[in-house]
Amino acid sequence: MEIGSRRNMVSSENSPPLNSVTPLRRRTANRIYALIYASALLALFYRHVRQLLLLRFTTPVPVAAATLSLFVADSVLAFMWCTTQSFRVYPIRRTEYVENIPKVLKEEDFPALDVFVCTADPYKEPPIGVVNTALSVLAYDYPADKLSVYLSDDGRSELTLFAFMEAAKFAAHWLPFCRENKVVDRSPEDYFRSNRSIGSETERIKVMYEGMKVRIENVVAKGEAGKEFIEKERQALSPCTDAVTGQSHPPVIQVLVDNSQDRDIAGNGMPNLIYVSRGKSRTAPNNFKAGALNALVRVSAVMTNAPVVLTLDCDMRSNDPVTPRRVLCYLADPNLDQSKLAYVQFPQIFQGLDRDDIYASSFRSGFQMNPMGMKNGPDYFGTGCFFRRRALFGCPMAIVQLEIPELSADHVVERPIQSRENMELAHHVASGDYENMTNWGSKVGFRYGSLVEDYFTSYQLHCKGWKSIYCHPNRPAFLGDAPTSLIDMLNQLKRWVVGLHEVTFSRYSVVTYGFRFLGLLMGLSYAHYALWPMWAIPIVVYSVVPQLALINALPVFPMLSGPWSLLYIFLFLGAYSQDLVEFLLSGNGATVRQWWNDQRICLVRGLTCLLIGSLEFGLKCLSISIGGFSVTSKATNDEQRKMYEQGVFDFGASSLMFVPLSVAALVNFIAFARGLALSLAGALAVESLALQVLLASFGVVNGWPLYEAMFFRSDKGRLPTNITLASAFVAALLCAAAFLA
């Protein structure tokens with residue numbers, strides 16, 4: 001049956017409210033400010049047009065180049081500002097009333113829930129962390145016979161499989177312990193890390209957990225040497241859960257906990273826990289995470305086929321056991337149009353960040369600030385999202401017919417989960433070449449064609465007429481681990497850049513396709529993300545062009561005493577002030593220092609991952625490959641962690657991305673020194689070059705951690721000598737050319 005239309009549900013006329021929507025009070029101020037700022041932008045472009053009309057063939061090349069480049073940069077900035085306003089026109093906050101769920105829906109009528117946890121590399125994503133994620137959702141405050149957890153191991157690692165065999169044993173003790181003691185932190189690692197009084201029962205569970213943790217970490221440390229021990233453990237499981245098909249890499253599916261058979265130590269049923277390593281074929285692409293998720297969609301359809309699906313990254317642990325009931329406040333609300341509700345998205349909240357979040361790893365704008373203002377609901381973040389399974393199989397009014405009836409969203413599973421028929425079909429749909437000549441990844445399931453499968457999937461769902469809901473409770477529903485290494489963070493964002501370009505330059509481009517189906521506001525919201533790499537253009541231009549002009553004593557901004565200078569100052573301070581206010585109002589302990597680091601990292605991204613990622617995409621279009629897919633590491637070494645906790649930037653990786661960043665920092669420093677020298681020469685220089693000097697000083701202040709890494713530090717986080725020398729050489733060439741031009 002469809003969620004929200006069950007026989008025992010209270011009618012909408014008599015049911016208590018399950019949720020409410022409150023428009024944020026700042027929406028009126030946002031609209032008034034947008035009108036004022038837009039007027040200022042029109043004045044800016046009036047000035048730009050006047051300057052462009054003055055260009056002649058005899059105009060010196062430096063003047064023409066600076067004029068044109070600043071016009072292009074300001075055009076991009078103005079467009080991106082317009083896309084940002086789509087989030088600020090009508091921001092809302094939602095509130096759920098979980099206590100009213102029993103009054104609307106009986107527990108035996110709760111919809112079943114399938115949880116998908118994805119991992120790919122046991123060394124970058126330590127198995128003990130994945131185990132904690134799985135245990136935290138296995139312990140949900142939800143009927144055990146309606147809950148199933150599927151692990152996708154795309155790395156096909158015996159280490160991960162062994163870890164989950166251990167987790168299955170520990171779960172029999174952990175689940176009743178959480179239930180009887182009303183534990184809220186249901187990730188064992190998080191629970192025992194907290195300072196709390198420990199009784200005899202808690203001490204017993206902690207000893208068991210530490211023992212499991214040691215065994216898992218020892219086997220991971222031994223690596224290949226642990227395979228023999230793992231194989232013995234596997235033989236203890238039902239032989240029907242293995243498959244040998246003769247493919248390049250046949251699928252492996254093992255039911256580690258079966259609700260119909262297994263009980264915890266209190267005699268209660270346990271949720272299903274299924275390990276899945278999909279098949280890989282040499283003749284078919286694996287489509288990375290989207291392919292792994294689609295394999296889980298098919299395998300789970302055969303085994304349990306729950307109408308609700310939760311997708312989780314392997315490091316995104318549950319932080320609130322009532323989260324599924326909170327989701328029911330929307331999926332079971334008779335007052336909502338359930339026929340168009342595709343998913344409920346929770347924000348990504350990270351723990352383990354340093355006090356000032358020096359790498360802006362929390363991504364507040366994308367995960368917490370912007371989603372509140374998206375007209376038809378937020379985009380899919382790739383984790384912490386409860387999907388209505390039906391939404392993955394076509395538009396709201398038409399279902400895509402599947403090649404096997406058992407995969408349809410309305411299929412009722414009647415056979416036992418480990419029946420021979422189920423296992424054979426599950427292995428078949430998880431095989432590496434199953435998707436050949438099917439609609440999977442194009443019209444069905446999570447979408448292929450981009451490295452950002454999360455963005456692309458929600459983009460297509462919204463274009464098809466589906467809507468979504470952003471749920472941001474006071475207590476975070478999930479807590480994850482953000483990269484604490486600068487190079488890991490930049491590499492992750494570079495992958496996003498390539499993926500966003502793949503969507504932008506496809507037939508599904510938001511410019512030619514999205515606006516037609518999404519409308520203006522939602523189209524601008526998706527354009528904000530799709531065209532995010534364009535930030536590299538104004539950041540590169542404003543990091544170098546005015547500074548090089550300053551070295552040449554060439555003014556590119558209005559004189560300080562003139563009225564036009566006030567326009568530039570207003571545009572700069574206005575944009576930063578509004579961003580600061582929005583940042584502080586986002587909550588969760590936001591501080592001015594965190595905002596400063598956030599804006600600095602925005603500049604760093606523009607000169608590193610946005611720039612290099614765009615170049616990589618261009619080379620990819622020319623069939624020149626310079627890198628492959630890489631899993632973001634969740635493991636850190638002690639020295640790296642120590643630097644991060646002390647708020648010290650780690651530039652120790654010898655990466656090409658640090659070259660343009662270092663060049664810009666050096667150019668700003670030289671330009672600032674040159675500007676001070678010119679200012680001492682006379683009042684005219686002060687008047688005409690003042691804004692350029694201020695801009696260079698802004699660059700110097702933001703670049704101070706890089707100067708330290710280049711010249712003053714001796715630890716492993718200092719900038720490699722070869723990067724420093726290469727950057728200094730390029731910066732010297734640019735400055736010399738500007739001075740002599």
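From the backbone N, Cα and C atoms, a Cβ is placed for every residue, glycine too.
Given the structure is predicted, the values throughout are model-derived calculations rather than measurements.
Residues or ranges marked as region 'Disordered' by TrEMBL: 1-22. Per TrEMBL, compositional bias 'Polar residues' is recorded for 8-22. The transmembrane segment annotation in TrEMBL covers 32-49, 61-84, 526-545, 565-585, 651-673, 680-701, 721-740. What TrEMBL records for LYS124, GLU125, ASP154 is UDP-alpha-D-glucose binding site. Residues annotated as active site in TrEMBL: ASP154, ASP454. Marked as Mn(2+) binding site by TrEMBL: LYS289, ASP313.
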For ASP313 (Mn(2+) binding site), which of these recorded positions sit within 10 Å, Cα to Cα: LYS124, ASP154, ASP454? none
Around the Cβ of LYS124 (UDP-alpha-D-glucose binding site), other Cβ atoms within 10 Å, all chains included, total 16
Most Cβ pairs under 8 Å to the transmembrane segment (526-545), of 32-49, 61-84, 565-585, 651-673, 680-701, goes to 61-84
Out of 32-49, 61-84, 680-701, 721-740, what stretch is closest in contact terms to the transmembrane segment (565-585), meaning most Cβ pairs under 8 angstroms? 32-49
How long is the line from the C-alpha of ASP454 (active site) to the C-alpha of GLU125 (UDP-alpha-D-glucose binding site), rounded to the nearest angstrom? 20
Tell me whether the transmembrane segment (651-673) sits in contact with the transmembrane segment (680-701), defined here as at least 3 Cβ pairs under 8 Å among residues 6 or more apart in sequence. yes
Cβ neighbour count within 10 Å of GLU125 (UDP-alpha-D-glucose binding site): 24
Could you give the Cα-Cα distance between GLU125 (UDP-alpha-D-glucose binding site) and LYS289 (Mn(2+) binding site), in whole Å? 14
Report, in whole Å, the straight Cα-to-Cα distance of ASP154 (UDP-alpha-D-glucose binding site) from LYS289 (Mn(2+) binding site). 8
